[in-house]
Amino acid sequence: MKYHYEAVPVLFNILLFFLMLYPFPNVYRYGCEFRKRYTDILDYAVYGVLLILFCTFGYADNDFYHYEGLFKRICSTGLNVHLEPVYYWLIRNVTSNYLVWRFIVWSGTVILSLWTIKRLKLDVRIGLLIFVLFYINIISVMRGNLGIAILFFGFSFIIRPSHNRLLSFLFGCLLIFCSFFFHKSMLFSIAALSVTPFYLNRKTVKISLVIFPFLTVVTTLLLDYIIMNGLIGFDIADMNIGSSMTGYASGTMRQSNIFGKLNQMITYMPVYASLALMTKKIVFEEIDVPRYIKALFIYWYAITYIASLFFFQETSVWLFIRFIMMSYFPLCIVVGYYYSNFKMTREKRILMLLAILPICYKLFYAFYKRLVWEGYVFF
């Protein structure tokens, strides 16, 4: 199917993104000294509206048009192709308008994400800014981010319970269970929570780095064997590159050959730079952070480590993408807490600049490519 990627609507995404950067100058200069002294309702409302608009009208993402094609196919044929039952039910019983469907799905994602930030006591403007800088490049792409939002909203009741600990625990477990139904890959996200009760010390980090090359080789050989024998079934429809795993893998390889590693480096450098910084601070310098922040940090470290095992093999890059996307939400919470409670430093400022690069690259490159290369200007 041929898609018509328009250039001009991307300008709306660019405008929304820069509107969300309004705290950036003060946070960049003052850090936690810029903490708010007054009610945060207005900031949550402003960011909520801007984020929902950005995700609903996600023109900069090619997947916006891929989902639209899938949506129209379901509306015309009634056949459910790849979508989980909850999303299919919305299409068949709630709305036949694509933008309304996106509004419902991504409103839930944004609201639960911001509610989690509020529950975990991040400074409102710093926490929301960090969320935008690191996550906005990802949040509007996949419907599965609603499952991620439900998962971590539920997990927040377990690691930071309200007054009634038992009810908080039960409610959190219920939400985590419900998150499974919002994307097929949520099973991996839920299973990864099993690492959060453990502690990550210097010795563990050093050992994990030493054995990483060996594990990468083993993982690559094992995955190649499994792929060649057709033993894995995995939902890759979100990437819209064929109906089979081998088709997706070859598509990823072609994309890598055409665009090289520049895009990947720009996109994922903030993830690894922030993980290196927080590992240094939490594990090696042992800064004072709450237990729930340490739990989210361990989850982030484990998921990123697993994702990295798939990065160096072309046929498994799709698994790298799938796993690395699970790391962004805990990243935002851990980094947001660090920025909210510790003085601004040079390395913090560098990290903020690194974080802003991927979304700027994505937005402006999408506009340029569609305008100059593909010639699609208007609707």
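In case you wondered, yes, glycine gets a Cβ from its N, Cα and C as well.
Under the heading transmembrane segment, TrEMBL lists 6-24, 44-60, 99-117, 129-157, 169-195, 207-228, 265-284, 296-313, 319-338, 350-368.
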(message) Quick check for me: are there 3+ Cβ pairs below 8 Å between the transmembrane segment (99-117) and the transmembrane segment (319-338), leaving out pairs under 6 residues apart?
(response) yes
(message) I'd like to know if the transmembrane segment (350-368) touches the transmembrane segment (129-157) in this structure, counting it as a touch only when three or more C-beta pairs sit under 8 Å and are separated by 6 or more positions.
(response) yes
(request) Return yes if the transmembrane segment (296-313) and the transmembrane segment (44-60) have at least 3 CB pairs under 8 Å (sequence gap of 6 or more), otherwise no. (result) no
(request) With a Cβ cut-off under 8 Å, give me the same-chain residues at least six positions beyond the ends of the transmembrane segment (44-60) that come close to it. (result) 6, 9-10, 12-14, 16-17, 19-20, 99, 102-103, 106-107, 109-111, 114, 118, 124, 128, 131-132, 136, 139-141, 362-363, 366-367
(message) Within the same chain, where does the transmembrane segment (169-195) have neighbours whose Cβ lies under 8 angstroms from its own Cβ atoms, ignoring anything closer than 6 residues to its ends? I mean 6 or more beyond.
(response) 84-86, 142-144, 146-148, 150-151, 153-158, 161, 234-235, 298-299, 302-303, 306, 322-323, 326
